[in-house]
Amino acid sequence: MAERKSELRSTPRNTLRARAEEMLAMSRSDVSGMSREDIQKLVHELQVHQMELEIQNEELRRAQTELACSRDRFADLYDFAPVGYLTLDRHGVILEANLTAATMLGVERNGLVNRKLTDFLPDQAKEAWHLHRRTVFADSRNRVVELPLRASDGRPQRIRLESRACSDADGSVNRCRSAMIDIAEQEIAKEAFQRLNINLGQSLVGSETMLNRSIEHVRLLTEAVAHLGEGILITNDDLDWPGPQIVFVNDALCRITGYTSEELIGQSPRILQGDATDRDTLERIKSELAAGRSVLFELANYRKDGTPYDAELFITPLFDSDGRRTNFVAIHRDITKRKQSEEGLRREHELSEGIIASSQHIIVLLDTEGRIKRFNPYLEELAGWQLAEVRGRDWFEVFVPERERRSARGLFDRSLRGERTRGEVNSIVAKDGRELRIEWYDAPLTSADGEFNGLLCTGQDVTERLQDQQALREREERLQAVLNTAADAIINIDRDGVITDVNPATERLFGYTEQELIGQNIKILMPSPYCDEHDDYLARYRETGEARIIGSGREVAGKRKDGSTFPIDLAVSEVDHLDLFTGIIRDSSERKMLLRDLVGIAEDEQRRIGQDLHDGTQQELAGLGMLAQTLLNNLTNESGDQPDASRSKQRSLAQRIVEGIDRAHREVQTVSRGLVPGRLDQMGLVEALRELASRTDQLSGITCAFKCERPIQIGDDLTATHLYRIAQEALTNALKHARPEHILVALEYEDGQIVLRVADDGKGFDLARRSDGMGLKTMQYRASLIGAGLTVEAVETGGTLVSCTVADGEVQDDDR
């Protein structure tokens with residue numbers, strides 16, 4: 001205490017105060033007696049002292065700040081020290097305590113103040129505590145005692161209490177400071193050590209061999225761990241923030257992470273984590289490890305250079321012999337490439353599954369016995385079988401018709417022997433019994449050791465294609481038959497005008513053979529000027545697309561092999577996708593001759609009508625005009641009172657005029673009926689033919705009759721008109737050339753067809769000599785317009801029979 005007081009008196013603060021008091025003690029007279037120079041020196045010294053005081057004041061403030069910081073650090077060290085600290089008075093009452101002491105005693109720190117330490121000691125330890133306390137206050141040396149402690153939670157403890165008395169500010173000794181150290185574990189270790197010493201001598205000899213063996217095992221284990229391809233990381237067992245610390249890593253982990261072992265040891269495994277690390281996974285890991293369970297997981301980690309990688313970790317806790325957890329061991333694998341491969345396989349699997357599910361081809365997987373392992377939805381849709389219904393069943397028994405099973409199994413066996421079958425077509429049977437034709441492509445499947453373990457079959461439903469091919473063949477055959485039998489020439493040319501195909505009618509029409517025409521330019525069949533213009537026309541069409549003939553008909557001229565020309569009707573169409581042009585050519589010579597003959601007939605008919613009107617009706621009208629004039633003159637010149645003879649003469653003239661007008665009317669009617677037979681409605685043809693036969697019968701020397709046993713209904717007026725004209729032409733030809741006595745016109749209904757017959761008993765008809773006659777051509781032309789068949793033949797008994805048959809109309813029964 002005396003030394004402490006001496007130190008307080010010698011501090012700068014006390015020295016400064018003493019100097020200030022000495023200066024204040026100086027009398028003011030001393031200053032008045034000083035010279036000016038001395039006063040200046042004194043002022044200078046005072047200024048220097050003032051500066052020193054300011055410097056010392058600044059140093060004091062800095063020292064005060066440092067003292068406050070030191071006090072805070074001391075308070076932290078005091079509270080968080082691993083040893084419990086107590087301040088007690090002479091009676092053993094606790095005045096102060098740190099947190100560690102409160103924890104050891106099991107009471108909140110605020111609850112310890114003013115309580116006696118004996119409250120926490122068992123009865124048998126209180127005497128020892130009283131002796132220790134008296135000894136401490138007896139001198140200033142440190143005193144130590146070991147005491148049992150009864151904590152508030154009831155746990156038995158043993159402490160070592162080291163105490164020393166301390167004086168107050170006035171120098172009195174009324175307090176002591178005590179340090180509490182928990183020695184329970186030390187006691188346990190001491191007891192264990194004593195037991196170990198007892199047994200050590202007994203087991204030392206045998207332990208040396210076991211120790212060497214263990215050392216070797218540890219060496220081998222260390223070498224194995226060091227050379228493992230998988231990273232090994234060992235930490236302590238602290239799961240609280242900032243987490244466990246790494247205590248060991250092997251070389252593989254350093255290679256994976258890019259860190260050295262020095263950089264990793266002492267760090268938390270968080271050094272390997274980053275933004276992509278899943279926090280939920282970390283929480284799950286912590287929960288599992290806290291429960292003492294091992295955990296396997298995948299986590300995104302980061303290398304030293306910042307690049308991420310996928311890691312698979314297996315962490316397991318380690319326990320000592322007492323079951324207490326001591327460490328965690330983590331096996332660390334870099335699975336980045338594996339994940340990439342798995343992702344690639346997953347995408348390929350999804351792609352394969354997508355292809356199988358969406359493919360419009362049959363996909364079937366069979367085992368080596370031909371049993372169904374799998375097929376795609378397209379086969380389900382096509383055949384009606386669901387995979388679940390037939391999985392594991394024999395493919396051939398379920399899907400293949402019995403007649404084809406033997407051959408199908410043969411193909412299956414060949415495929416399993418390594419032969420790839422492609423394009424084989426056989427049938428499958430749908431669930432509803434339909435048979436479908438399938439074109440198959442097979443590929444055997446092998447295991448890793450090269451053994452066949454199944455067959456992958458892909459098939460395409462070619463049922464419709466085969467049907468279409470058959471229909472196409474039949475259509476081509478029909479088309480070829482049409483082309484071969486067509487009366488018109490049909491020619492195909494390419495875009496350069498070269499002939500590629502011709503039909504037989506072309507050979508007949510132009511006199512060339514097919515071999516002579518194929519490969520030749522179409523100009524070989526054209527006379528000038530058409531052949532000169534053809535190349536320019538094709539070139540212009542290719543450049544501009546302007547069509548002059550294509551898509552429309554045209555009358556041109558053709559040239560035969562012998563050089564002769566003839567008129568033709570030409571129709572050209574383009575086959576765009578084949579770059580071909582198709583021309584249909586018809587010889588129009590006969591049609592033009594028929595047109596010329598028809599024009600001649602019309603002119604002849606016009607002359608006949610004119611002549612008939614001139615010779616008959618016109619003369620009759622002229623005579624009637626003269627009679628009418630005479631009658632007019634008589635009526636004008638005669639007075640009102642006319643004799644009977646005059647009136648009789650006038651009546652005679654009037655009667656002659658009436659009769660002449662009637663004759664003129666009949667003649668005009670005759671002519672008009674020859675031109676237009678009247679309206680031919682449903683029953684008009686029968687009546688018109690009857691009237692035609694009646695008029696012909698009135699001719700001198702001719703008997704003409706009409707026969708129609710049952711009323712016949714004609715479908716349309718055009719057919720009735722042409723039949724009437726054919727009968728009229730047949731009567732005209734018979735009267736003109738055959739000189740018959742009897743003519744029969746008959747209209748009959750036979751086997752669903754209308755038959756018109758005109759028969760005469762004249763001198764007959766030379767068909768070979770008269771086949772080019774205008775009358776016959778006219779009848780044939782009219783028959784073709786209504787789709788009728790016309791025949792002209794000689795009768796054995798003499799005469800001619802003209803028959804026209806048309807599939808139209810029906811019998812109208814009288815009973816209806």
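Placement of Cβ uses the backbone N, Cα and C atoms for every residue, glycine included.
The coiled coil feature in TrEMBL is assigned to 39-73. Mean model confidence of the coiled coil (39-73) amounts to 76 (pLDDT, 0 to 100 scale).
Taken from TrEMBL, the feature domain 'PAS' covers 70-121 (among others).
Residues or ranges marked as domain 'PAC' by TrEMBL: 143-195 (among others).
Taken from TrEMBL, the feature domain 'PAS' applies to 217-268 (among others).
The domain 'PAC' annotation in TrEMBL covers 293-347 (among others).
Secondary structure by DSSP for the domain 'PAS' (348-419): 42 helix, 11 strand, 19 coil. Annotated domain 'PAS' per TrEMBL: 348-419 (among others), in sequence order.
The DSSP breakdown of the domain 'PAC' (421-474) into helical (H, G, I), extended (E, B) and coil residues amounts to 12 helix, 30 strand, 12 coil. For 421-474 (among others), the entry in TrEMBL reads domain 'PAC'.
Annotation source TrEMBL lists domain 'PAS' at 475-528 (among others).
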DSSP-derived helix, strand and coil totals, residue by residue, for the domain 'PAS' (70-121): 25 helix, 12 strand, 15 coil
Helix, strand and coil counts within the domain 'PAC' (293-347) (DSSP): 12 helix, 30 strand, 13 coil
